[in-house]
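Visitor: One structure, pasted below without further comment.
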Amino acid sequence: MNSYLLKNAHLYINHQFENVDILIEDGMITKIEKNIESDVPTYDLKGKMVAHNFIDMHTHLREPGFEHKETIYSGTMSALYGGYGTVVAMANTLPCMDDLETIADFKKRVIKDGQVNTYTYSAITKDLKGKELVDMAHIVEEDIVLGFSDDGKGVQSDEMMDLAMQLASNIDSIIVAHCEDESELHGGCIHEGHYAKEHDLIGINSASEYKQVARDLEIVKHYQNRYHVCHISTKETVELLRQAKKDGLPVSGEASPHHLILTEENIKDCHPNYKMNPPLRSIEDHQALIDGLNDQTIKVIATDHAPHAREEKNKPIQDAPFGIIGIQHAFPLLYTYLVKKNLVKLETILDALTTGPAHVLRLEGDVKLGQKANLCIFDLDKEFVIEEDDIKSKSINTPFLGVKCYGKIVANIVNGKMTEMEEM
Ligand SMILES: [Zn+2]
Ligand SMILES: [Zn+2]
């Protein structure tokens, strides 16, 4: 059971590629060598790429409370088909993940329905209201909780964030920050750039993000706590993070595939599938994100997979909710738009999907002998089109429908169990 031999794999291991066979016995990786012989079922990969399956440290699973958008089952099924072996759910559910009871209930649901390894963040403040801290010291004891995040909202009060970071430092946990200074918001729906101007839409300025990042980094200097910036979208944020890392602070940051691939120039017909928070920014911001990925300032790519039902998104851009789905096609899109266009090396993308987030969250992200098999198999040359019918999410809010991609996921092995998406 769960024993098989993968012949002729192009394996990404220890930050480089090797042509090897991989033996998996009882779900464990027991041999990585050339020319392995065994009588277990054998798959000839004919040089297909194999890597540790991906870790998404920013997924909205929507359950409990918003099951019409997504459920733990449908969200983790999207992850499985996207080559992910691990996701971390955001706390903005209903009820909010802000107490032990809700978190215990989430854990029960994950055991029943989770298709990949599923963790969650706890909220930082009760109901994400920014007024009262959750019981961080007790919540951190739960093994399903990997950190604290009020994602969806920035923590506005300086005193509250100061207290949260101090506690995070005491309990050696991480603050995963959605940075958004509400005093800079004026009801905008897309970036405050020329598209907003031309279409008479209210813009969201860059300062709403980087001002709060700058504030937080000052607090980190004081407590030296683990701190991670969500969905970086502005060039100023990239520079702040670069400097903080130079200063030796224990900080990290993520970029999402849509910010790495699209800019405000790509928005079409004021369509709400181009509306996300933070918004698609300018060409200069996009270049700064690519540079940040290439110089290791940004070591994590996280999807911010944010499902919304059709009727919710089917509104004028001003009224539609923020966010797009993204976990199922993150890799093929990144491969097609960044690697094939020579903007970013394949190794950099793979690191940002595996060892990068693993390092931040203290998980395993590299392929090692003796560990449970968590591997994904890809056909980099296989061309396909993203079709609505193939989407595993309950929602279809993505600007990438109908887009031609390369880098199809052929199979995903999660904790030794293989799911085949394509005939091997
Ligand atoms: Zn967010
Ligand atoms: Zn989010």
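Even glycines carry a Cβ here, placed using N, Cα and C.
TrEMBL does not curate its annotations; it predicts them automatically.
Copying in the features that TrEMBL gives for the protein in this structure:
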DOMAIN    47-236  domain 'Dihydroorotase catalytic'
BINDING   His58, His60, Asp151, Asp304  Zn(2+) 1 binding site
BINDING   His60, Leu61, Arg62, Asn92, Asn277, His308, Phe322, Gly323  substrate binding site
BINDING   Asp151, His178, His231  Zn(2+) 2 binding site
ACT_SITE  Asp304  active site
Visitor: If you measure Phe322 (substrate binding site) to Asp151 (Zn(2+) 1 binding site) at Cα, how many Å is it?
Guide: 13
Visitor: Using the alpha carbons only, what distance in Å do you get between His60 (Zn(2+) 1 binding site) and Asn277 (substrate binding site) once rounded?
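Guide: It is 13 Å, counting Cα to Cα.
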Visitor: Whole-number answer please: how many Å between the C-alpha atoms of His308 (substrate binding site) and His178 (Zn(2+) 2 binding site)?
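Guide: Distance between the two Cα atoms comes out at 19 Å.
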Visitor: For His231 (Zn(2+) 2 binding site), what is the secondary structure by DSSP, using just helix, strand and coil?
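Guide: In three-state terms, His231 (Zn(2+) 2 binding site) counts as coil.
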Visitor: Inside 10 Å of the Cβ of Gly323 (substrate binding site), count up the other Cβ atoms and send me the figure.
Guide: 24
Visitor: Select the most exposed residue of Asp151, Asp304, where exposure means the fewest other Cβ atoms within 10 Å, treating these as the binding-site residues.
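Guide: Across Asp151, Asp304, these binding-site residues, the one with fewest Cβ atoms within 10 Å is Asp151.
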Visitor: With every protein chain in view, what's the tally of Cβ atoms within 10 Å of the Cβ of His308 (substrate binding site), excluding that atom itself?
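Guide: Excluding its own Cβ, His308 (substrate binding site) sees 27 Cβ atoms within 10 Å.
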Visitor: Any idea what the Cα distance is from Asp151 (Zn(2+) 1 binding site) over to His231 (Zn(2+) 2 binding site), rounded to a whole Å?
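Guide: Asp151 (Zn(2+) 1 binding site) to His231 (Zn(2+) 2 binding site), Cα-Cα distance: 10 Å.
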Visitor: Restricting to the domain 'Dihydroorotase catalytic' (47-236), report the mean pLDDT as a whole number.
Guide: 98
Visitor: Can you list which of these binding-site residues (Leu61, Arg62, Asn92, Asp151, Asp304, Gly323) have a Cβ closer than 6 Å to ligand 2?
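Guide: If the test is a Cβ under 6 Å from any atom of ligand 2, the answer is Asp151, Asp304.
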Visitor: Are there residues of the same chain, six or more positions away from Leu61 (substrate binding site), whose CB falls under 8 angstroms from its CB, and which are they?
Guide: Glu70, Thr71, Ile72, Gly75, Thr76, Val87, Ala89, Met90, Thr93, Thr118
Visitor: Tell me, by DSSP, whether His58 (Zn(2+) 1 binding site) is helix, strand or coil?
Guide: strand
